[in-house]
Amino acid sequence: MEVATSSTEITIQTDRDPSSNNNGSCAVASSTASAVFRKIEFHPARKPFNGFSNGRSDFKIETLNPCSSNQRLLSAPSAKKPDSSDLLEHGFEPDLTFSITFRKIGAGLQNLGNTCFLNSVLQCLTYTEPLAATLQTAAHQKYCHVAGFCALCAIQKHVRTARQANGRILAPKDLVSNLRCISRNFRNCRQEDAHEYMINLLECMHKCSLPSGVPSESSDAYRRSLVHKIFGGSLRSQVKCEQCSHCSNKFDPFLDLSLDISKADSLQRALSRFTAVELLDNGAKVYQCERCKQKVKAKKQLTVSKAPYVLTVHLKRFEAHRSEKIDRKVDFTSAIDMKPFVSGPHEGNLKYTLYGVLVHYGRSSHSGHYACFVRTSSGMWYSLDDNRVVQVSEKTVFNQKAYMLFYVRDRQNAVPKNSVPVVKKESFATNRASLIVASNIKDQVNGSTVIKECGFGALVANGLAPLKSCGPSTPAVLTQKDLNAKETQNNAISNVEAKEILETENGSAPVKTCDLAAPTVLVQKDLNTKEIFQKEVPLPQANGEGSLVKEDSKAACLILPEKVSPHLDGSANAQTLVKLPTLGPKAENSVEEKNSLNNLNEPANSLKVINVSVGNPPVEKAVLIDQTMGHHLEESATSIESLKLTSERETLTTPKKTRKPKTKTLKVEFKFFKLALGLRKKKVQRRERLSTTVAGEIISEELLSKKRVKYQDTSLIAPSKMISSSDGAVTSDQQQPVGSSDLSEASQNAKRKRESVLLQKEAVNILTRGVPETVVAKWDEEISASQKRGSKSEGASSIGYVADEWDEEYDRGKKKKIRIKEESYRGPNPFQMLASKRQKETKKKWTQSITDAKTAYRI
């Protein structure tokens with residue numbers, strides 16, 4: 001095989017050996033055609049690559065060299081892990097090669113009593129992508145040796161739970177109850193400093209991540225610690241003698257940079273003041289020089305020797321002997337370059353991107369409230385104020401008076417020498433590419449065919465149904481249009497062409513040849529003569545792992561819709577449903593042609609259903625032609641009793657949910673073809689898995705969109721019924737309306753309108769008449785049936801429940817309720833009658849006395 005490459009195209013010459021095909025099921029070309037030429041042109045992707053989604057986790061592939069080719073391949077490259085020396089050369093640890101993405105905001109945190117400082121710090125740590133990715137993959141809980149409370153296990157558990165709890169509220173009880181395990185200075189239900197809590201929490205996590213027996217402040221501990229790999233850096237304190245220029249360097253690890261903002265109005269200015277050169281003791285001779293052996297004047301400078309992976313900046317908003325907070329605005333930007341402030345050797349860039357802002361509200365340094373703002377991987381900012389999670393604009397974030405800033409180091413320009421994206425294997429089980437050569441005129445350049453790739457997780461443009469990848473013994477599907485030949489062809493398909501799949505294996509060229517045992521299904525359409533030419537080759541028994549149909553399935557259904565560019569004459573949709581059998585003694589080639597006068601007068605839209613059987617069942621076919629004006633239905637001369645569209649669950653399905661067109665079981669018979677003329681295009685409903693009975697119902701969308709309004713009322717849908725048997729065959733014992741989605745949809749719309757009118761009436765009744773009263777029985781009576789009916793008939797809406805009467809004596813503890821056995825009496829209660837009579841007499845006397853008192857007497 002010879003490969004000739006250029007900047008934009010690849011030409012492949014493949015030599016075929018007819019004797020290499022042992023199955024003998026594929027048609028082989030003549031001996032003269034010994035070489036087949038391929039020409040593949042690559043075009044840049046139109047949409048940005050967002051990475052692969054792997055089930056519930058959010059791992060993705062990050063492109064470290066965006067300047068290279070924009071071509072993205074769905075196939076898995078060789079899983080070669082980057083060399084550790086290459087990563088260390090650019091300042092990255094080998095353990096931090098993977099990152100995690102937060103496309104959606106997680107859960108809010110409940111305030112358990114002055115725990116806003118804890119909630120804000122936890123949210124900022126949760127959305128620190130390097131920390132979350134490491135905690136997601138690390139198996140620390142299995143090998144944890146800490147007796148009692150482990151801060152690293154608690155953070156790992158919290159991060160995993162918070163990422164999956166979208167729209168919920170979590171209570172960090174484990175961290176709040178063990179607050180004194182973080183530091184002895186903390187007390188429950190007391191306001192604490194967020195920066196102090198974060199530093200103590202990271203130190204506790206640092207100790208828990210070390211193996212047993214390793215001191216926490218040793219150089220080996222800083223090198224092994226997970227916390228210092230992410231947040232840790234090194235500061236260089238340099239003292240320079242004024243006389244001999246001798247320099248004394250001291251290196252100290254740090255987890256954050258505390259900057260003085262008393263004389264700085266921006267983050268850049270604060271960093272410049274932090275790394276500025278200053279005189280020791282205002283120029284006094286207090287420094288003992290090692291070379292001069294005397295006390296001399298000296299200068300001191302602090303610089304960053306080793307830049308951390310995650311830079312945490314603490315802005316000092318307090319001063320000694322001052323209770324008020326420094327409430328000045330310090331400007332900060334979304335990106336910062338630390339190169340001017342780093343003195344040590346470094347490779348690559350030192351640019352950081354802002355992802356978290358922690359804010360303190362209040363004028364005093366002893367009290368107040370904490371909240372934070374975090375940025376997700378999609379670039380959206382969210383305000384996390386305890387359990388309140390709100391999306392905000394970037395301008396709102398930069399207007400805050402920040403207390404702590406969180407930056408993450410960019411990895412775009414740090415390119416390892418032999419870097420390849422490492423992908424987990426299970427992510428490719430459902431994202432294999434299927435070879436579909438699109439027949440659009442726009443995609444053909446200089447007569448060459450552009451090979452597109454489509455994943456199983458998304459619908460392909462132009463209405464093509466996604467199929468599984470071209471694996472061993474898997475058919476390759478080709479669709480071509482605008483052929484110039486006007487006569488029908490009876491030649492059998494030659495060697496299986498177009499078996500390339502866009503897949504890279506072991507770093508080779510991104511072209512892979514399928515198994516020779518896989519057939520080709522080719523559909524061509526001549527637009528000039530409006531003739532339909534079809535070639536079909538039965539599919540042999542497929543035993544490959546990536547095959548379209550497995551051994552236990554009965555048949556495979558391929559839907560090959562064709563869509564022509566709108567500027568072509570006679571352009572329309574021609575859709576073909578082909579049933580490919582997989583079981584049988586031997587596959588036979590069958591070429592179906594149709595060249596009659598009826599086909600010449602075909603309208604723009606046509607539906608063809610072809611059943612290619614192997615073995616005992618005969619060959620059955622049926623054609624549904626939708627006339628443009630009169631909606632006439634032409635039926636084929638061959639009588640068809642049924643068309644079996646049976647397949648197992650694994651046929652054209654994947655373990656995870658994918659967008660697939662909804663299909664229904666179609667009874668292919670003359671009287672059942674009178675359907676789908678007035679159907680409207682349905683909206684995308686909830687995605688569901690295919691049932692055991694796979695069916696194909698292909699609807700011409702362009703014709704329906706034109707005639708949707710015209711033929712909505714006068715539909716020519718013929719009612720029909722069908723019943724699916726247990727083995728998947730379709731019987732016609734009873735008749736059931738098929739394709740009556742217009743009627744069902746209209747009835748649903750009418751039902752929704754009636755319900756909306758009732759709801760509006762109920763709302764008006766509640767607003768005008770008030771909430772309907774509820775009749776409560778007396779202490780020894782029951783509600784009569786008329787009263788019950790009357791209370792219910794006044795209004796359909798109700799408050800939902802009736803509260804118990806308020807018993808003040810019971811609430812005060814002076815009275816104890818005793819359950820009394822309920823007894824029902826048929827007649828009236830004589831005691832109640834007597835009490836009512838006395839009450840009426842008393843009321844009558846009372847009203848009479850009031851009336852007499854108001855009467856004026858003349859003196």
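Quick reminder: no glycine exception, Cβ is built from N, Cα and C everywhere.
Annotation source Swiss-Prot lists region 'Disordered' at 1-26, 722-749, 822-859. Feature annotation from Swiss-Prot assigns compositional bias 'Polar residues' to 1-24. Annotation source Swiss-Prot lists domain 'USP' at 107-410. Here Swiss-Prot flags Cys116 as active site, nucleophile, drawing on sequence analysis. Residues or ranges marked as active site, proton acceptor by Swiss-Prot: His369.
A 10 Å cutoff on Cβ-Cβ distances gives Cys116 (active site, nucleophile) a total of 23 other Cβ atoms nearby, all chains included. Counting only the Cα atoms, the space from Cys116 (active site, nucleophile) to the residue listed as 'active site, proton acceptor' is about 7 angstrom. Taken together, the residues of the domain 'USP' (107-410) have an average pLDDT of 91. Neighbour density for His369 (active site, proton acceptor): within 10 A of its CB lie 16 other CB atoms from the protein chains shown.
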